[in-house]
Amino acid sequence: MPPERKSRTRRDRRAGATPGRKARPGSGSTPAKAARSSQRTQPAEPRAAPSAGSAAAAAEEEESRLRQRNRLTLEDDKPAAERCLEQLVFGDVEDDEDALLQRLRSSRGQLHGSSDESEVENEAKDIFSQKKKQPVWVDEDDEDEEIVDMSNNRFRKDIMKNASESKLSKDKLQKRLKEEFQHAMGGVPDWAEAGSKRRTSSDDESEEDEDDLLQRTGNFISTSTSLPRGILKMKNCRPANAERPTTARISSVQFHPGAQVVMVSGVDNAISLFQVDGKTNPKIQSIYLEKFPIFKACFSANGEEVLATSMHSKVLYVYDMLAGKLIPVHQVRGLKEKTVKQFEVSPDGSFLLISGIAGFSHLLSMKTKELIGSMKINGRIAASTFSSDSKRIYTYSENGEVYVWDVNSRKCMNRFLDEGSLCGLSIAASKNGQYVACGSKSGVVNIYNQDSCLQQTNPKPIKAIMNLVTGVTSLAFNPTTEILAVASRKMKEAVRLVHLPSCTVFSNFPVFKKSTLSRVQTMDFSPRGGYFALGNEKGRALMYRLHHYSDF
């Protein structure tokens with residue numbers, strides 16, 4: 001170090017230039033003693049009795065003075081070069097130590113303060129949690145006291161204590177119901193007591209998850225693709241034929257395969273088309289067939305034609321929807337039937353199957369309406385249906401036997417007796433090629449697997465539906481093969497919707513104690529399952545919206 005800087009440093013230290021340090025008159029022990037003696041010779045001023053705070057401050061000041069004295073003594077023993085180097089590297093040691101002590105004291109105080117605040121906060125939370133939660137808002141109508149008539153309800157009569165309680169307010173009725181519940185349960189159960197359970201770590205985690213759920217407004221759970229069993233969510237829509245009311249029996253109800261249109265026909269000789277919107281269902285047009293009470297009407301597979309038959313005629317009417325022409329087919333070459341009533345259209349639109357008398361089934365070309373071939377069973381035909389791929393025909397006889405035919409060869413592939421059936425009435429095949437349902441006169445519906453019907457001579461049904469007590473005259477699978485509709489025209493309200501594959505009946509249809517369906521004659525589902533329609537003997541085509549299916 002240069003001599004000038006060294007001498008300047010020593011001079012500044014001794015002159016008291018360093019802040020926060022008392023000036024020293026010189027080096028060595030003699031000046032220090034002189035300084036102390038000079039302090040003793042100063043006259044003492046009269047002071048009041050020291051308080052606890054002033055005593056603590058005086059003790060700290062004395063401690064600081066002793067540290068300074070020891071530090072100065074040590075610094076005097078160090079070489080000047082070492083003292084200068086420490087000052088350059090560490091700064092003023094005295095200031096740094098004082099600042100460090102001050103920071104330590106302040107941090108300790110903040111730590112105690114924060115702990116105290118946290119304890120106060122926890123106590124406040126405990127007190128707040130014990131308080132009863134108040135409602136977010138209060139409805140003025142709820143505050144008005146409403147009187148409940150106790151005598152008009154048999155359940156409320158049981159909780160009346162005397163005749164004077166024929167009318168009670170809502171609050172008193174609520175208290176009375178609570179008392180009855182507690183009496184039946186033997187006290188208040190744990191789940192009914194607010195705050196009775198202590199929160200565990202799992203409860204805290206679930207609460208955190210709930211908080212996370214409340215941070216978003218999107219959908220967390222997507223709609224299930226499969227239809228749940230038990231309750232079928234549905235809405236009663238305006239009748240399909242509301243704009244053309246009639247009192248004649250409805251014989252056929254069918255949805256158009258490609259357009260949002262429903263067809264309604266009946267014994268009043270009319271075929272009507274309606275636009276399906278679920279609200280007004282406006283009429284598109286009506287076709288009147290003179291002296292032709294319609295037994296059955298059906299769309300072609302492509303939806304371009306409507307076929308209709310009557311109860312006492314061998315004429316088959318074909319209505320061309322594109323051209324707007326009505327074409328009667330008076331005679332089919334090779335067909336010797338006196339009447340043409342029951343018929344089926346193949347799903348691929350290639351064939352037309354007509355059920356005749358004496359057990360004959362006649363297969364016609366849908367395009368030319370010419371006879372291709374005939375098939376015969378033992379006994380009379382009760383009902384027939386095509387498989388979903390149009391390669392097989394299922395014929396159900398009145399004797400309870402089921403015949404499986406190959407369409408191309410028109411040969412019988414298999415034949416079996418419907419289990420427990422003495423007289424067959426209806427048959428239907430599912431759209432996915434999995435099930436065959438047979439409805440008998442006893443009201444039993446047997447559901448079979450189609451593979452077992454082809455391979456076994458005595459197949460066992462998957463499930464026997466026994467919810468009806470009269471003959472099952474109508475069967476219909478929905479497009480997704482999740483619902484099987486069964487109905488009987490022999491009894492009012494005799495309709496059930498069966499869930500598949502559980503084979504359980506939906507409990508909410510039909511609505512209990514509401515005679516709105518009457519005697520159901522025909523049923524159908526819309527192409528994608530969004531609507532369900534049925535016609536009754538009173539001339540009403542009732543329609544329901546199935547909420548599980550978003551499309552028509």
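Here the Cβ of each residue, glycine as well, is placed from N, Cα and C on the backbone.
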Practice task
Consult Swiss-Prot and report the residue, out of SER7, SER206, annotated as phosphoserine.
Solution key: SER206
Practice task
Among 183-214, 215-246, find the range that Swiss-Prot records as region 'Disordered'.
Solution key: 183-214
Exercise for the section: From SER29, SER64, SER115, name the one Swiss-Prot lists as phosphoserine. Expected result: SER115
Problem - phosphoserine according to Swiss-Prot, picked from SER38, SER118 - result: SER118
Problem - Residue carrying phosphoserine as stated in Swiss-Prot, selected out of SER114, SER169 - result: SER114
Completion exercise
Taking DSSP helix as H, G and I and strand as E and B, the repeat 'WD 5' (467-508) has 0 helix, 16 strand, 26 coil
Problem - Segment-segment contact (the repeat 'WD 4' (417-458); the repeat 'WD 5' (467-508)) at 3 or more Cβ pairs under 8 Å - result: yes
Handout entry: Residues of the parent chain within Cβ reach of the repeat 'WD 5' (467-508), under 8 Å, 6 or more residues beyond its termini
Key = 226-227, 229-232, 234, 423, 425-432, 434-435, 437, 439-445, 447, 515, 517-529, 532, 534, 537, 549
Completion exercise
Reduced to three DSSP states, the repeat 'WD 1' (245-284) has 0 helix, 20 strand, 20 coil
Problem - Helix, strand and coil totals (DSSP H, G, I; E, B; other) for the repeat 'WD 2' (289-329) - result: 0 helix, 22 strand, 19 coil
